[in-house]
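Summarising the annotation, TrEMBL assigns domain 'NADH-Ubiquinone oxidoreductase (complex I) chain 5 N-terminal' to A:63-110. According to TrEMBL, the feature transmembrane segment maps to A:76-97, A:109-125, A:162-185, A:205-230, A:459-486, A:498-522, A:569-587, A:653-675, A:687-709, A:785-809, A:856-876, A:896-916 (among others). Positions annotated as domain 'NADH:quinone oxidoreductase/Mrp antiporter transmembrane' by TrEMBL: A:126-404. Annotation source TrEMBL lists domain 'MrpA C-terminal/MbhD' at A:611-676. The domain 'MrpA C-terminal/MbhE' annotation in TrEMBL covers A:686-768. Feature annotation from TrEMBL assigns domain 'Na+/H+ antiporter MnhB subunit-related protein' to A:789-912.
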Amino acid sequence: MNLLFVVLIPFIGAGLAAWVSRFGRLQSAWMAGGVALASLIALAPSVTAPFLGETLVQRIPWIPALGLDLAFRLDGLGLLFALMILGIGLLVILYARYYLAERDCMGRFYGYLLLFMGSMLGIVLSENLILLLMFWELTSLSSFLLISYWQHREDARTGARMALAVTGLGGLAMLGGFVLLGEMVGSYDLSVVLASGDLIRSDPLYTPMLVLILLGAFTKSAQFPFHFWLPHAMAAPTPVSAYLHSATLVKAGVFLLARLFPVLSGTTEWSVLVMGAGLSTLLIGAYFALFKHDLKGLLAYSTISHLGLITLLFGIGTPLAAVAGVFHIINHATFKASLFMAAGIIDHECGTRDMRRINGLWRYMPYTGTLAMVAAAAMAGVPLFNGFLSKEMFFGETVTFSANHTWEWLLPSAVVVAGIFAVAYSLRFIHDVFFNGDPVDLPKTPHEPPRWMKVPVEILVAICLLVGMLPAFTVAPLLSVAATGVLQSAPPDYDLAIWHGVNAALIMSIAASVGGILLYVGRRPLFNLATKLEGLLDARAVFDWLLKGLLALAGAVTRTLDTGSLQRMLLVFILSALTLGTVGFLGGDAPLTGDHDLLPADAVSLLVTIALITVALWTVILHRRRLTALIVMGALGLLVSLIFVKFSAPDLALTQLSVEVVTIVLLLLALYFLPQHSPSESSRARRIRDIGVAGLAGGGAAALTWSVLTRPYESIADFFLENSVPGGGGANVVNVILVDFRGFDTLGEISVLALAGLGIYAMLKDLRLPGPTCDARGRPWNWDMHPTIMAALTRLLLPLALLVSAFIFLRGHNLPGGGFIAGLITAIALIMQYLANGVEWTHSRMTSNLHPVIGAGLMIGLLTGLASLVFGYPFLTSAFTHVHWPVIGDFELASAIAFDLGVYLVVVGATLLILVHLGLMHHASHPDEPEPSAPNHA
Amino acid sequence: MEALIALIIGVLTACGVYLALRARTFPVVIGLTLLSYAVNLFLFVTGRLTVGQPAVISDQAVGYTDPLPQALVLTAIVISFGMTAFIIMLALKARAELGTDQVDGRLDGGDAPNERGPERGRQHG
């Protein structure tokens, strides 16, 4: 199961790294380093497997019904990427420790970085496509956090948002593609998918599926026309750029191309789409890179160009091209990471990244200059450096590919042009920065960076050199297994030697080098031309325009629908519901009345019905006299609970009764702060319209009820009735359903109640409302103290009420009652003390801090559920036993009662929290309460 | 009996909808409370009407009503209380922030003058 841990460790470590930052600035750097190392160690036992020709698959069932497993896979390709992610990640962690300034929060940085690292590892190690997609989206989110790390900067925020929008939309398209792919194959497992190439390619939905998946890959890998987000992501701190744009984020797209290469490639659609995107990206990136004055801008566009190169190689589609693609992935990761780090050092030491001002740094930092030169040479494709090898293979592949096609000169010429630009911009990176006269007006005097800041660059540059000079002894085995992982079969023969004799590829390399030098020498007129052309090809403008249009549209829709009037919204809502219901009913041919046997009506029921309807109508008629309407409504609740009694629902009747009391108290307390009267505002026409709408809604509800009640039905009730006693250990089936069968639902419901309570607490905190000075009829408010007889009585009644509540709670499992009802009764008993004795009197005897009660209730509920996991049962499985107590007799002990206790505590806590804080507001609303004028006091 | 229940639910819905369409917060809250009675009753009676057969297992029972809708409605009643409480607090908050209890989007109206006057004075005083 070590692969799970490889992915999981960075996620856990992210929290730890953020947390330890409170113990000192550098602690999170150490922690992050340790976490990356731990993840690497977790990977270690499996490293040999791909070399032995094995593909490791480790699987934990998650949601098997949806074909989603926590399944991880390690083959050559996954191993290569995991090593790059962790290796370069470690170097970036070391580098960032010196790069970040004092005022930057280290904990946040390393937390985000580890989050991102875990997501990337998840992508490359996933066996399941849906799991892969989840990690894919996580990289979008965590890279958003990383790019916007300097939140105070506008460009960081917009850049991050753009990256998220583009890659997020791509991810959405990819989800569609994956679902199509999974449905074609019948499985979301990569092992199955990778073995079904022919099936997939011959599917009629192949093309839409390919387009959707490629949209995901291209947006992530910044392929034209989605390349524009990448340069704007340069607003991130340089360590982030070094990580995201060398080995990780943008490589996720090409990783996906490589991963699905065996099943998607080999068709005309693939060649056209992938090669087209690759070639245009290669050229556009190389062109723009040359003319960027920003050091990181140059690197950003060169990254785009190199990603285009890799994409183009996969687009060519031959096995050898795929090998070259994998090879260039490795090489680009090493030289680009070191170049970004060098650019970061220069930025750090000079205080600017503008190449028009940074000149002649060779005098100040020759060592960094040497390192940068090596890396730039690798980027340009100079012999003896690693970039040369993969670029030679690339040139060779384009020639081989074109040999069989018309216009065979076109592709090789285009890539040579790109090569010329690559040499020119690499040359510019070195010449402009380290030579070319003296620095212009730098904010700081540059000097060599701290020793350890150079170490990551040194390591990467050493790899560039070693791979470039001794490929067969360094990269060859890893490249071979990675290529096997891509092709899912043994790779073709290839030769990693530096010298292959004079062939087309060598001539193209020489042409690119010579052309690049000439281009750079004659750059002045070209720069002038580029300045004139700037802005013509700005994809960002298109993006901004689209975004603005979308926002304007959303705004217009919202403004049309929502004018700030609740009445209007409710009217739209009710009318829509009515229309949908009517259309649905008229559309079918079912009769209104079914053939279920009807119950005969009796006189009492008739009386209750008449009473209920009268009271309901009275509430409406009296609604402008608010207090009266509220009291009348209280009667309504009592009548409803009578209905529950009549139709065999004692639990509901008890609940309704107690909720009714609490609701009326609540509304009375609230009404104190509201006008006592509703003015008559609606016009006659308005009222007639509303009566019409209300009549229709009521008629609809009545018709619906009638047609439901007159139809026979099948219920799953038998299961609950049969299993309640043997399975749940309780005779009251309603309660057993609540705390046992559907305990998870109940846990959710008490969480909602707790949230409502806490939300109300948050709203009432600091809320100051004036209380009324006179009542509805203009009589001055009475400040008399609480009536003595009532106060004495409620104090006497309290123990009795609590006893009743305990009784109701304990018998709940077998007879009507339970946590909900008992909680409400307790709450009412305590509220009565507030009402009768006043807030101060009660507060001096009881805590007003109810958060712990709510917390304890939720905790008990959760722990009861988790306890069953410990014993190996599903969440919230209940256990019960019968114990014999002397004197009392047989006594049932069920774990569900602990859960019910949680319910009880949450209900008590939330109800009291709401009412007590509302009551406290009363107290605060008249601090000048005229106590001396209260003769009954004391 | 079914007709009576249908009638009750219909009247409760109609009254609830009418009150919910008023322009002030308090009637809206009362209206929503009436609507939640109607909804709870409707959910409850989807288990059909059974007289005198509560779902408490015992040897003497001749039959049982459907306990499932009851369990659903029990929590629904409690949650409705939480919702009512939340909405009425929103109403209080709105009155504190906006100085009015109107919900029809007209912020200029304010409270009726006979009530507004003394309160305003109190606020400033």
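If you go along the chain as it appears here, the first residue is 1 and each next one adds 1.
The backbone N, Cα and C atoms fix where each Cβ goes, and this holds for glycine too.
TrEMBL: automatically predicted annotations, no manual curation.
Since we're looking at a predicted model, the values are computed, not measured.
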Across the domain 'Na+/H+ antiporter MnhB subunit-related protein' (A:789-912) the predicted model averages a pLDDT of 83
Lying 6 or more residues past either end of the transmembrane segment (A:569-587) yet within Cβ distance under 8 Å of it, the residues of that chain are 561-562, 693, 696-697, 700, 703-704
With a Cβ cut-off under 8 Å, give me the same-chain residues at least six positions beyond the ends of the transmembrane segment (A:205-230) that come close to it.
-> 136, 139, 159, 162-163, 165-167, 169-171, 173-174, 176-178, 180-181, 184, 245, 249-254, 256-257, 260, 264, 267, 269-270, 273-274, 277-278, 280-281, 284-285, 300, 303-304, 307-308, 311, 538-540, 543
Count up the helix, strand and coil residues in the domain 'Na+/H+ antiporter MnhB subunit-related protein' (A:789-912) according to DSSP, in that order.
-> 85 helix, 12 strand, 27 coil
State the non-local partners of the transmembrane segment (A:109-125) in its own chain: residues 6+ outside its ends, Cβ under 8 Å from one of its Cβ atoms.
-> 3, 6-11, 13-15, 17-18, 21, 28-29, 31-32, 35-36, 39, 72-74, 77-78, 81-82, 85-86, 89, 92-93, 96, 100, 131-132, 134-136, 138-139, 141-143, 145-146, 149, 237, 239-240, 243-244, 248-249, 252, 255
Contact set, same chain, for the transmembrane segment (A:856-876): CB under 8 Å, 6 or more residues outside the stretch = 740, 743-744, 746-747, 750-751, 754, 895-896, 898-899, 901-909
Using DSSP, how many residues of the domain 'NADH-Ubiquinone oxidoreductase (complex I) chain 5 N-terminal' (A:63-110) fall into helix, strand and coil, respectively?
-> 32 helix, 8 strand, 8 coil
Where else in the chain does the transmembrane segment (A:162-185) make close Cβ contacts, counting only residues six or more beyond its ends and a cut-off under 8 Å?
-> 67, 129-130, 132-133, 136-137, 139-141, 143-144, 147, 192-193, 196, 199-200, 203, 205, 208-220, 226, 228-230, 232-233, 256, 540, 543, 547
Going by DSSP, how much of the domain 'MrpA C-terminal/MbhE' (A:686-768) is helix, how much is strand and how much is coil, in residues?
-> 67 helix, 1 strand, 15 coil
Per DSSP, how many helix, strand and coil residues does the domain 'MrpA C-terminal/MbhD' (A:611-676) have?
-> 54 helix, 1 strand, 11 coil
